[in-house]
Amino acid sequence: MGSSSSSYAPKTIYLDVDGKVQKVVFSRHCSPCDIKELLCSSSNIPRNTAIMMVDPEGALVSIDPTMPTNSPNSLYKVISLSTGQLGDKEDMFQNVLSQVAEQFSRAFRINELKTEVTNRLAMLEKRVELEGLKVVEIEKCKNDLKKLRDEMTSRGGGRVGNCPCKYNFSDDGKKLNPRRDVPSYPKYTLSQETIEALKKPTFDVWHWEHNEMLSCLEYMYHDLGLVKEFNMNPITLKRWLLGIQENYRSNPFHNFRHCFCVSQMMYGMINLCNLPEKMTLTDMGILMTAAVCHDLDHPGYNNTYQINARTELAVRYNDISPLENHHCAVAFQILSLPECNIFANVELEAYKQIRQAIITLILATDMARHGEILDSFKHKVDSFDFTNEEHVTCLKMVLIKCCDISNEVRPTEVAEPWVDCLLEEYFMQSDREKTEGLPVAPFMDRDKVTKPTAQIGFIKFVLIPMFETVMKLFPQIEEIMVQPLRDSRDHYEELKQIDDAMTEAQKKKTENMSLGGKKK
């Protein structure tokens, strides 16, 4: 309180005016010009007259708010300089000094202006962002027009293998742009019930619209501490998620809902297996981001088709995991856009490691490598070491594989529609292969496969062995993940027995009708 009141107290000096004591009081915040006018008035000197002030010893006293105070026993004297004691140059110099003194006086208020400047900068940044988004929209329209022209050209000239992919990599300088650049999806507030359900494999992925799935993914990144760990701009996270959604095609199976399904299962396994206690937050970010990106721009036709049809992707990637390589390329093209780069604030060396780790996980989802990856994990699991980088990398590869093919872990009413979606996509491919004279896999042929036959072998020889191996490291998954797989296997085996019995009955009926016709 003392320092505050003293800074606003008026200042008092005493003058010798014609042999009399003249008291002068002024505010400490007066300008030098105001003080000069006050001194002129007190000393009966006309205003705007050049003056100077001296102490009893004749020394000059500065005329400004910081001048030293005196007492009635030590009077200052104001002397007029209008009689020519100063030349024109000296007058000019005095004016300059007065202006400099006034500028110094203003400088003392700089702290008071900081808040105002900060607020103005924030307003300007907002305006710049809005104007920037308008520019982005214009560029988007230009890019859309260019894509349309390119697509028309490619359709006219034809493509190798006749398998159109959304992004043509013939132009190495071309960058991928998300089709919606502005984070415009409505904010969906998650209930506590939804938050808890998100952490479990029983989560029903069919009840959610795209904007709700985007909000759920956004929540997962915040909840795991990834936004803070990687210093992500929350707006950038929204833009990135929109870019991801827009770059999943509307396939029966490999679509954005499948992306969400895999990402939610990854989030569930992270929580169920208490992975943040055993692995780093960087590992959590790698697992989640790889899950989100793992099937980007999937064309709906698998690697076997790409290779047999000699598509552009197969040629580009030398028949080595063409789809998975493409998913990686599209993922990092999206991240190369400044407005979508969620790792923009990560140091270069750390980013290189994150990038390589994400690529490793996405490439691991190629089922052609299933045996190799699972065998490697089996050799490590009995003596698993969470401080061993090779062990942890192998675990992350197995985790994303589990999540990618985890539909049968979910309740039957959630899992079974996915089987229908997958068979629809398989049949689209096999029909095309027949038309183009390419080999057709029996499990994809609508004339040979049934739902039970499609699932029994996959569950028995792929899913259960892999999840049971993971169960050795995380026993807590048995009840909630492994047992549902066993139940699903039993369910489809019962369906197969029913199908077989019906087929046998139909066969006997046909034979009896045939024999009856011969007797007649």
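Numbering starts at 1 and runs along the chain as it is shown here.
Glycine is treated like the rest: Cβ placed from N, Cα and C.
TrEMBL entries are annotated by machine, without manual review.
According to TrEMBL, the features are:
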ACT_SITE  His254  active site, proton donor
BINDING   His254, Asn255, Phe256, Arg257, His258, Asp295, Asp404, Gln455  AMP binding site
BINDING   His258, His294, Asp295, Asp404  Zn(2+) 1 binding site
BINDING   Asp295  Zn(2+) 2 binding site
DOMAIN    178-499  domain 'PDEase'
Which one of the binding-site residues (Arg257, His258, His294) has its C-beta surrounded by the most other C-beta atoms within 10 angstroms?
-> His294
For the Zn(2+) 1 site given as His258, His294, Asp295, Asp404, which other residues of the same chain have their Cβ within 8 Å of the site's Cβ centre?
-> His254, Cys259, Val262, Ala291, His298, Thr365
Within 10 Å of the Cβ of Gln455 (AMP binding site), how many other Cβ atoms can you find? Include all protein chains, please.
-> 25
Other C-beta atoms within 10 angstroms of the C-beta of Phe256 (AMP binding site) total 21
Of the binding-site residues listed as His294, Asp295, Asp404, Gln455, the one whose CA lies nearest the CA of the residue listed as 'active site, proton donor' = Asp295
Looking only at Cβ atoms, how many others are within 10 Å of the one on Asp295 (AMP binding site)?
-> 25
Based on Cβ atoms within 10 Å, give me the single least packed residue among the recorded positions His254, Asn255, Asp404.
-> Asn255
How long is the line from the C-alpha of Arg257 (AMP binding site) to the C-alpha of His294 (Zn(2+) 1 binding site), rounded to the nearest angstrom?
-> 13
Grab the pLDDT values for the domain 'PDEase' (178-499) and give me their mean, rounded.
-> 95
Between the C-alpha atoms of Gln455 (AMP binding site) and His294 (Zn(2+) 1 binding site), the distance in angstrom, to the nearest integer, is 23
Inter-residue C-alpha distance, Asp404 (AMP binding site) and His294 (Zn(2+) 1 binding site) (nearest angstrom) | 9
